[in-house]
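Inspection log for the structure reproduced underneath, given as structure tokens.
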């Protein structure tokens with residue numbers, strides 16, 4: 001909370017991308033006065049562009065451009081050769097190109113007009129979208145201006161370049177987030193009424209999306225790499241990130257295609273599984289709409305998090321210099337606060353998702369252990385939310401914290417790998433990758449056990465540690481029955497998440513590539529992919545948690561009851577039949593594999609003696 005309050009008070013996110021003049025005014029907004037700067041505090045709502053008085057003779061000094069800058073409403077489209085031309089341009093376009101305290105009528109009368117107005121002749125210029133600067137179009141001026149601008153962008157640290165890209169492409173990021181929301185909602189409705197044809201269609205779309213996105217990434221990498229105009233450091237970072245995206249996408253495509261070919265024979269059982277899960281969801285009112293509330297909470301939190309991040313990136317103090325001009329000096333230690341803020345993003349997001357999982361698990365447990373299936377308990381979702389907030393918030397906090405603890409080393413390893421990949425040997429790179437994958441596997445396993453621990457908490461009301469221990473014991477005892485059944489169902493749901501991410505990222509590639517002036521767009525694209533995955537996980541989590549909670553309840557039901565009149569099962573006959581058929585299929589496959597191994601163990605077939 002201290003970082004949040006400090007960032008909002010000390011930062012000005014608009015200054016990063018909108019630009020500001022030499023007198024402390026942020027272009028495109030109404031400003032507050034700065035002490036000691038008489039020309040500060042002006043209303044620049046209509047003046048959105050930064051104009052330099054000496055645009056043809058700029059110089060860089062300590063990341064500062066040594067020229068007076070102004071906020072103007074429009075850039076001059078034609079060359080202005082005299083003070084009369086400047087005066088006519090101001091009167092016709094409402095854009096004053098001289099210092100604010102010089103009245104338009106005094107352009108040709110004031111003796112100091114030559115010092116307070118731009119150097120003549122003023123070249124024609126156009127606005128540059130990323131930083132809202134008036135860029136001269138005269139070839140000679142443009143080359144000098146571009147060299148200074150490239151130096152300024154290249155000398156900025158990565159943190160500020162990323163923030164500039166996020167702000168410049170904020171509308172595209174928001175639009176792609178809602179596109180992911182639409183894809184996720186369509187998939188939820190599709191899984192609710194799933195049929196065999198839908199599974200085949202989903203698999204075909206995922207395969208097409210993976211191949212297509214991989215091909216587009218490799219094409220964009222080649223296109224950017226062969227572009228001779230690539231000079232900005234952000235453009236070079238785009239090329240490096242595109243190569244990493246392309247390699248990662250290709251590896252994921254190969255692995256998923258191999259898994260699809262391996263598990264293709266269990267499609268029919270997946271259809272039956274989702275039919276049973278759909279019936280359970282149908283008995284619980286409003287369970288299918290639970291992700292909407294989670295999405296709204298996540299959206300509000302993400303917007304708040306991005307606002308604080310942008311404020312951190314622009315946190316600084318305004319200092320008055322000679323002539324009433326203002327400089328903003330960044331504060332030390334901001335980058336460390338940004339890392340702390342990033343940990344908060346992971347932990348809070350995981351905590352919100354954990355609360356959703358516990359809510360769904362509690363509702364499913366309530367309905368499963370209800371003897372009268374025709375008369376389900378009233379408002380199970382609301383009851384589950386009430387129990388969560390009254391008794392089990394600590395369980396959600398602990399589970400999400402453990403996932404965060406395993407997620408942070410992966411991020412640190414990835415960060416170190418990107419820094420040291422130019423210097424380290426191949427063995428060191430391989431070690432980094434192995435550690436990264438190991439932490440990823442541990443995180444996936446922990447996420448799986450956390451989910452079952454939440455279900456045990458909903459059943460017994462025990463704390464997180466006790467529930468996790470009981471979940472491990474039950475899963476170890478019934479792993480042969482449960483894992484083989486839910487494995488392919490979870491895989492199909494994962495393909496659904498991949499479908500949402502693939503087509504959202506593809507839309508982002510097309511949108512960002514169309515606006516190449518948004519230089520630092522690879523990190524916003526990564527954020528889009530992250531948000532798309534979280535959103536699809538948020539929606540499809542209903543089916544995943546329902547299925548896992550149902551099978552865990554089934555295992556406990558089998559442990560405590562025997563199907564007799566004294567101890568009847570809570571389960572439906574359809575669920576019992578499905579589990580038995582699935583286990584027979586699994587045992588049959590194991591038996592055939594063992595039989596083939598035994599027949600070929602000695603290399604010859606034994607014949608009976610005559």
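Please read every residue number as a count from 1 along the shown chain.
Every residue gets a Cβ built from N, Cα and C, even glycine.
Long-range contacts of the transmembrane segment (173-194) within the same chain: residues 166, 202, 271, 274-275, 278, 281, 288, 291, 295, 299, 493, 496, 499-501, 503-504, 507-508, 511, 524, 527-528, 531-532, 535-536, 538-540, 542-543, each at least 6 residues beyond the stretch ends and with a Cβ under 8 Å from a Cβ of the stretch. According to TrEMBL, the feature transmembrane segment maps to 173-194 (among others).
Sequence annotations record features per position, and here TrEMBL assigns transmembrane segment to 201-222 (among others). Among residues of the same chain six or more beyond the transmembrane segment (201-222), those with a C-beta under 8 A of the stretch's C-beta atoms are 190, 239, 242-243, 245-246, 249-250, 252-253, 256-257, 260, 492, 495-496, 498-499, 502-503, 505-506, 509, 513.
Positions annotated as transmembrane segment by TrEMBL: 242-263 (among others).
Away from its own ends, the transmembrane segment (284-305) comes close to residues 177, 181, 184, 188, 192, 341, 344-345, 348-349, 352-353, 355-356, 359-360, 363-364, 367, 376, 379-381, 531, 534-535, 538-539, 541-542, 546 of its chain (Cβ-Cβ under 8 Å, at least six residues beyond either end). The transmembrane segment annotation in TrEMBL covers 284-305 (among others).
Per TrEMBL, the feature transmembrane segment maps to 338-365 (among others).
What TrEMBL lists as transmembrane segment is 491-512 (among others). Sequence-distant contacts of the transmembrane segment (491-512) (same chain, at least 6 residues past either end, Cβ-Cβ under 8 Å): 169, 172, 175-176, 179-180, 183-184, 187, 191, 199, 202-203, 205-206, 209-210, 212-213, 216-217, 220, 252, 256, 259-260, 263, 270, 274, 518, 521, 524-525, 528-529, 532-533, 535-537, 540, 543-544.
Among the features that TrEMBL reports, transmembrane segment is placed at 518-543 (among others).
Annotation comment: TrEMBL describes 589-610 as region 'Disordered'.
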